[in-house]
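So the structure is just underneath, and the comments pick up after that.
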Amino acid sequence: MRTHTVDHPLAAALLTTMRDERTPNAVFRAALCDLTGILVYEALREAPVDTYEINTPVAPATGARLAQPPLLVPVLRAGLGMVDAAAGLVPDARVGFVGIARDESTHQPVPYMESLPEDLAGVPVFVLDPMLATGGSMRHTLELLAARGATDITALCVVATPEGIATLERSGLPVRLVTAAVDEGLNENAYIVPGLGDAGDRQFGPR
C-alpha cells in the first residue's frame with residue numbers, strides 16, 4: 001500500500017489549528033475544509049486528464065479536465081466536514097455515504113448506514129475520514145467498495161497511525177493513503193496520540 005504524507009507549511013499550520021484544544025468548533029471546521037483541499041490536490045496529482053479545444057478571449061487553446069472524477073465517500077459523521085471542500089475542487093464528482101459509529105467499550109466500528117452506487121468497476125473512489133486510528137472503520141468501508149467492484153481507492157485522512165496503516169496493509173484491499181501526518185500511535189482508549197480528539201465532536205459538538 002502506498003502512503004503519501006503531505007509535506008507543506010500550510011498543511012502543517014492547518015493541522016496545528018486542528019490539534020489545538022482551544023480551537024472553537026467553527027474554526028476547526030474551517031481548518032478541516034482548507035486542509036481537505038490540500039489532500040485532494042495531492043491525491044489528484046497523477047490523475048489522468050482529457051484534453052479538449054477551447055477559445056480564450058485572445059486565441060484558441062487546448063484545455064484539460066479530469067478524465068473521470070472520483071466518487072467521494074465521506075465516513076459519517078466526521079467525514080461530513082470534508083465533502084464541501086472536495087466537491088468544490090471536483091464539482092462533477094458524485095457523493096456516496098457510509099455511516100459508522102464507534103463502540104466506546106470495545107473500540108470496534110458499528111456500521112449503521114450505507115448509500116453507494118451498485119457498480120463501481122473502473123470508478124476512482126476517494127474515502128474521506130479525518131482520522132485513521134485502528135483502521136477498522138476504513139477497512140469496513142473499503143470492503144463495501146471492493147464488493148461493488150472498486151479497485152482504485154484513495155483514503156484521505158488528516159491524521160493516521162502506524163496501527164491503522166498496518167490494518168489496511170494486512171487487509172489486502174486496493175487502497176492508497178494520502179494524509180497530513182502519521183502520528184505516534186494509539187492510547188489505551190484507542191484514541192490517536194497526539195491526534196485531534198474526537199473529530200466529530202470537534203466539528204459538530206458532543207453527541
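First residue shown is number 1, and so on along the chain.
Note that Cβ sites are derived from N, Cα and C of the backbone, with glycine treated the same way.
5-phospho-alpha-D-ribose 1-diphosphate binding, as stated in Swiss-Prot, involves Arg77, Arg102, Asp129, Pro130, Met131, Leu132, Ala133, Thr134, Gly135, Gly136, Ser137; the candidate among Asp20, Asp198 given for that site is Asp198.
Sequence-distant neighbours of Ala133 (5-phospho-alpha-D-ribose 1-diphosphate binding site) (same chain, 6+ apart, CB under 8 A from its CB) are Thr161, Glu163, Gly164, Leu186, Ala190, Tyr191, Ile192. Of all the binding-site residues in the list Asp129, Gly135, Ser137, the shortest Cα-Cα distance to Gly197 (uracil binding site) is found for Asp129.
Ranking the binding-site residues Asp129, Asp198 by how many other Cβ atoms lie within 10 angstroms of each Cβ puts Asp198 at the bottom. If you take the CA of Asp198 (uracil binding site) and look 10 A around it, you hit none of the binding-site residues from Arg77, Asp129, Gly135, Ser137. Asp129 (5-phospho-alpha-D-ribose 1-diphosphate binding site) carries neither a helix nor a strand DSSP state and counts as coil. Across the structure, Ala199 (uracil binding site) and Met131 (5-phospho-alpha-D-ribose 1-diphosphate binding site) place their CA atoms 8 angstrom apart.
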